[in-house]
Amino acid sequence: MDSSTGPGNTSDCSDPLAQASCSPAPGSWLNLSHVDGNQSDPCGLNRTGLGGNDSLCPQTGSPSMVTAITIMALYSIVCVVGLFGNFLVMYVIVRYTKMKTATNIYIFNLALADALATSTLPFQSVNYLMGTWPFGTILCKIVISIDYYNMFTSIFTLCTMSVDRYIAVCHPVKALDFRTPRNAKIVNVCNWILSSAIGLPVMFMATTKYRQGSIDCTLTFSHPTWYWENLLKICVFIFAFIMPVLIITVCYGLMILRLKSVRMLSGSKEKDRNLRRITRMVLVVVAVFIVCWTPIHIYVIIKALITIPETTFQTVSWHFCIALGYTNSCLNPVLYAFLDENFKRCFREFCIPTSSTIEQQNSTRVRQNTREHPSTANTVDRTNHQLENLEAETAPLP
């Protein structure tokens, strides 16, 4: 027997035993249509998050224009800033050789996960405005799985970055062999494989359901629904929040003790300054992630344990938690621009290219063409050399 924990539940809204909110929404984790179905007041505001309709139940009517405009404006800002910022981060890391460090390889992975997450916002916006999911089952599966992949890959990558910082600060000798771009790429692949442990099952569980003339994108659970629903919530809370936060806390606790006890880490003031700067940047990124994601995780667990009455404060706080989760996907590029001089310089060169930058790009293209067409380059060199000799021979004598 299949059922959903989100708005895709086929039960009628008037049924007091309904397991989920009656309003449709895309099946993303932040929208929680598959994790956080409202079990206490199924006809209340859609608990599925920003992407769901405020109230499509018979008692409440259509969502207000102010709510719709506010949510759409927020979605648009997060989507544009998130996509542009994260793609710019990935471009800078790929484009500039000096940016291909182990830490930046992890940042690339984080930017990729955030870009994928923000790319789902247009679908969720359309779903919100139309009150139905018009994109079919395949896109439903993709959107839901992307949000799970983003959540797990992001926190796993931040965990990895914290461990990487710990090794760099507390074990600098071992760091020389371990902290390489090649190893960072391997670790990134492993993070995506680990995320597949939840991402792939969710993709198979995602489906579309018809309910009262509309289509819902939601997850289906085997009987008993309440057991599998709560099990998923608990697994997400433990493996995507509690355990990673504990690992991150231990790593930074040990780093702080090390930095306080040792005045010089590498024997060079310049290297120490860079080491502390990068450590500070990673710490800020991790802290912002935890601040943005803690409310939604706590909210989901509380609603799984107790019944929360529908009030204006509950509605506002729920939407605030959802907004924080999505906003995190567009904050990281801003943090890099303010906290890392290399990123700041590369961003500036991309947005406002100087003459030296253009000359450097042209010389890079020439070198690439020379490597790709060595015979042509040799011919041009010989021709130029012959012309120089000819000019020297035909030049008038003094």
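Keep in mind that glycine also has a Cβ here, set from the backbone N, Cα and C atoms.
What you are looking at is a predicted structure, and each value in this text was computed from that prediction instead of being measured.
What Swiss-Prot records for this protein:
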{"type": "TOPO_DOM", "residues": "1-66", "note": "topological domain 'Extracellular'"}
{"type": "CARBOHYD", "residues": "ASN9", "note": "N-linked glycosylation site"}
{"type": "CARBOHYD", "residues": "ASN31", "note": "N-linked glycosylation site"}
{"type": "CARBOHYD", "residues": "ASN38", "note": "N-linked glycosylation site"}
{"type": "CARBOHYD", "residues": "ASN46", "note": "N-linked glycosylation site"}
{"type": "CARBOHYD", "residues": "ASN53", "note": "N-linked glycosylation site"}
{"type": "TRANSMEM", "residues": "67-91", "note": "transmembrane segment"}
{"type": "TOPO_DOM", "residues": "92-104", "note": "topological domain 'Cytoplasmic'"}
{"type": "TRANSMEM", "residues": "105-129", "note": "transmembrane segment"}
{"type": "TOPO_DOM", "residues": "130-140", "note": "topological domain 'Extracellular'"}
{"type": "TRANSMEM", "residues": "141-163", "note": "transmembrane segment"}
{"type": "TOPO_DOM", "residues": "164-183", "note": "topological domain 'Cytoplasmic'"}
{"type": "MOD_RES", "residues": "TYR166", "note": "phosphotyrosine"}
{"type": "TRANSMEM", "residues": "184-205", "note": "transmembrane segment"}
{"type": "TOPO_DOM", "residues": "206-228", "note": "topological domain 'Extracellular'"}
{"type": "TRANSMEM", "residues": "229-253", "note": "transmembrane segment"}
{"type": "TOPO_DOM", "residues": "254-277", "note": "topological domain 'Cytoplasmic'"}
{"type": "TRANSMEM", "residues": "278-304", "note": "transmembrane segment"}
{"type": "TOPO_DOM", "residues": "305-312", "note": "topological domain 'Extracellular'"}
{"type": "TRANSMEM", "residues": "313-336", "note": "transmembrane segment"}
{"type": "TOPO_DOM", "residues": "337-398", "note": "topological domain 'Cytoplasmic'"}
{"type": "LIPID", "residues": "CYS351", "note": "S-palmitoyl cysteine"}
{"type": "MOD_RES", "residues": "SER363", "note": "phosphoserine"}
{"type": "MOD_RES", "residues": "THR370", "note": "phosphothreonine"}
{"type": "MOD_RES", "residues": "SER375", "note": "phosphoserine"}
{"type": "MOD_RES", "residues": "THR394", "note": "phosphothreonine"}
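Sequence-distant contacts of the transmembrane segment (184-205), counting only residues of its own chain at least 6 positions beyond either end whose CB sits under 8 Å from a CB of the stretch, comprise 34, 102-103, 105-106, 108-109, 141-142, 144-145, 148-149, 152-153, 156-157, 160, 164, 219-221, 235-236, 239. Highest Cβ count within 10 Å among the recorded positions TYR166, CYS351: TYR166. In the topological domain 'Extracellular' (305-312), helix, strand and coil residues by DSSP number 2 helix, 0 strand, 6 coil.
Taking pairs at least six residues apart, the transmembrane segment (313-336) and the transmembrane segment (105-129) share three or more Cβ pairs below 8 Å and count as touching.
Between the CA atoms of the residue listed as 'S-palmitoyl cysteine' and TYR166 (phosphotyrosine) there is a gap of 34 Å. Among residues of the same chain six or more beyond the transmembrane segment (67-91), those with a C-beta under 8 A of the stretch's C-beta atoms are 50, 54, 107-108, 111-112, 114-115, 117-119, 121-122, 124-125, 128-129, 319, 323, 326-327, 329-330, 332-334, 336, 343, 347, 350.
Across the residues of the topological domain 'Cytoplasmic' (92-104), the predicted structure has a mean pLDDT of 87.
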